[in-house]
Amino acid sequence: MNVLVVDDEPIIRQVLRTMVDWESEGLRWYGEAEDGMEAWEAVQAGEVDIVVTDILMPRMDGLELVRKLSGGTPRVAIVVLSCLDDFQCVKEAMKLGARDYILKPTMEPESLAAVLREAKEALARERAEAEELIRFRSQLERSRQSQAGAELRRMLEADTPPDEASFGRLVRQLEAVSGTYTSCMVYLAAGVPWTAADWSSSDAIAVIPWSERQAMFIFAEHTASETPDERLRPEQAVAALQRLAEQRAASLVTSSHISVVPGIRGIGGLRGALMRHRSEREHFFYGDGWITEENGRAEEEGLLPHAEKHNLLRALSGGNGEAVMHALAEIGSRIRTRRPASELVYDYFQELLSLSAAFARQHNEGLDLNEFARAHLSPEAPRRHLRIETLLRETETAMTGLLELLSGSGYEWMESRNPFIRKAYEYMQAHYHLPISTTDIADHVRLSRSYISDLYGKETGQSLSEALTRIRMDAAKKLLKSGDRKVYEIAEEVGFNDAKAFAKTFKRMVGCTPKEYVDQL
């Protein structure tokens, strides 16, 4: 694969050229560019595979270059060069589509080669998936169902009012003039082996593919003459689709979701069915009786727990594995409560794990993250999970695995490097059974309460009071598992004078009451 390096400093371009044994890595030095404009022109020539770019440059900076390259053609992998003081720009670049970043001040040949290897492998996978998708769409477009589906999709996406006359002409061409229709939307988890032939149900009058994992089937409930034809009844066809989806992915816990809306009349009814399908998809994702409202993307973005994500990354950077997992639990709790659209949640977790992997490499530049990247960092990885609970469990597994890679001994992988933080943590571990407060902790470390609280939060990603409460709740869970104490006794043993306050805090932190926790054991 060809690599283009973009930096306005000639010395940086020269250093990068000599740092890597390009041939042994299966790469070729394609060339260099002084700014984003020159790089953009080079990429348009169609021979560049990987772009390594600085951020601050004249004419066109790195962020604008990433923005123009992401999602366009030709498909390229982007790696960002960063200084220590422009990390906000790095996060923006990764959000726009950059795959990874390299810190200039600490750049080593091994870490640069590792990043380029990951970029090369990821790009090869993405290109293979894109080629498969092109073949998939080509096969679909040849079918009559697909042609009808394309016309129906155009009608459904039109800004103008529903064109009932055009809809009537279309169904007459399909020889399926009908009073009412059944709409069936099939959602598949990423990785389910599904082909164009599977989408082409012979009993549907039209198939509307919304993506490679989502298609809408339209069935005629009866013909205009009210005489039965040779088609399966809609409910039989839906059952056949469900069986096929289950057979294709028997190894996956939740491989598909099928939403059915019967009794549709005209294109207006079909539009209403589409909205219902999307609402039911969100209902299925969150696993309860909630039905989503149609919100704007900007409004939905505000529901994502960005502050908790920053807490997690700060804890990871500060070397506090316990705080990392606490922040991840907070993220899960916020998402369950706020319920942003599932597609936004998928993008959120992909970005979270990508940034976490980048932080981990910053701590250990020789860290081999190839297997981690293959398993967790592709856009399809979170989309293997059609329910929020399995997505959260998989993310927790991924984060624990990342921390284990850093330490080799579980997620409590690094002691704090700040002696005041260590002393505060040790004091809480030794005295949580007493009714101590943050003031007592501050007195012990001989700092003001506000200063130690601020210091602890900045380094660990959780407040001092949260850390103390977390220690107490972990101890309470161990005592509850023993099964030989009353709740009020456990409350006293973990530093609570009031059993009701303990139970309320336990439910807030754990998600259930002490009794419910015991019942689940």
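Each Cβ is built from the backbone N, Cα and C atoms, and glycine gets one as well.
All annotation found in TrEMBL is predicted automatically rather than curated by experts.
Features reported for this protein in TrEMBL:
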DOMAIN    2-119  domain 'Response regulatory'
MOD_RES   Asp54  4-aspartylphosphate
DOMAIN    422-520  domain 'HTH araC/xylS-type'
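Under the three-state DSSP scheme, Asp54 (4-aspartylphosphate) falls in the coil class. In the domain 'Response regulatory' (2-119), the DSSP tally of helix, strand and coil residues is 51 helix, 25 strand, 42 coil.
Within the same chain, residues at least 6 positions away in sequence whose Cβ sits under 8 Å from that of the residue listed as '4-aspartylphosphate' are Val6, Asp7, Asp8, Glu9, Ile12, Gly62, Val80, Leu81.
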